[in-house]
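**Q** Marked as ATP binding site by Swiss-Prot on the basis of similarity to another entry: K9, F57, R85, T91, R102, N112. The active site, pros-phosphohistidine intermediate annotation in Swiss-Prot covers H115 and rests on similarity to another entry.
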Amino acid sequence: MEQSFIMIKPDGVQRGLIGDIISRFEKKGFYLRGMKFMNVERSFAQQHYADLSDKPFFPGLVEYIISGPVVAMVWEGKDVVATGRRIIGATRPWEAAPGTIRADYAVEVGRNVIHGSDSVDNGKKEIALWFPEGLAEWRSNLHPWIYES
């Protein structure tokens with residue numbers, strides 16, 4: 001099954017949004033396969049956001065990610081990357097659809113609460129970076145109540 005990397009950013013952690021965000025993914029029927037509560041080192045943040053290193057906002061983004069703890073997670077399920085992006089909402093909170101995480105909780109693009117993989121391939125890269133030790137193997141007993149096969 002498809003996997004996606006999801007990170008609750010420092011503002012989401014500080015604002016006490018961890019439980020609600022996890023609940024949204026669980027209620028959709030996705031499986032939590034890995035989770036870490038951690039502080040991010042500068043070099044690690046730079047590596048994670050390397051594709052944005054030429055952007056003018058890159059230094060501020062790195063400072064933001066290292067400013068406090070994050071919750072790094074791997075979610076698994078059918079079409080979890082695309083569906084996860086819909087649950088999260090547009091990068092710019094004012095463009096996010098009502099009911100999405102960013103529409104509900106974010107005001108500024110620089111404090112937009114959450115990161116989610118934007119493609120299956122990027123998800124694989126992010127998961128390998130953040131979870132080099134691997135993931136928990138398990139399947140919920142609810143699987144047949146969520147998926148047809």
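From the backbone N, Cα and C atoms, a Cβ is placed for every residue, glycine too.
Quick caveat, the model's predicted, so the values are computed rather than measured.
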**Q** How many Å separate the Cα atoms of K9 (ATP binding site) and H115 (active site, pros-phosphohistidine intermediate)?
**A** 7
**Q** Distance check, please: Cα of the residue listed as 'active site, pros-phosphohistidine intermediate' against Cα of T91 (ATP binding site), rounded to an integer number of angstrom.
**A** 9
**Q** Give me the count of other Cβ atoms within 10 A of the Cβ belonging to N112 (ATP binding site).
**A** 23
**Q** State, in Å as a whole number, the widest CA to CA span among the ATP-binding residues K9, F57, R85, T91, R102, N112 given in the record.
**A** 22
**Q** Helix, strand or coil by DSSP: which one applies to R102 (ATP binding site)?
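**A** DSSP assigns R102 (ATP binding site) to helix.
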**Q** Are there residues of the same chain, six or more positions away from T91 (ATP binding site), whose CB falls under 8 angstroms from its CB, and which are they?
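**A** For T91 (ATP binding site), the qualifying residues are R102, V109, N112.
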**Q** Determine, from DSSP, whether K9 (ATP binding site) sits in helix, strand or coil.
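**A** In the DSSP reduction, K9 (ATP binding site) maps to coil.
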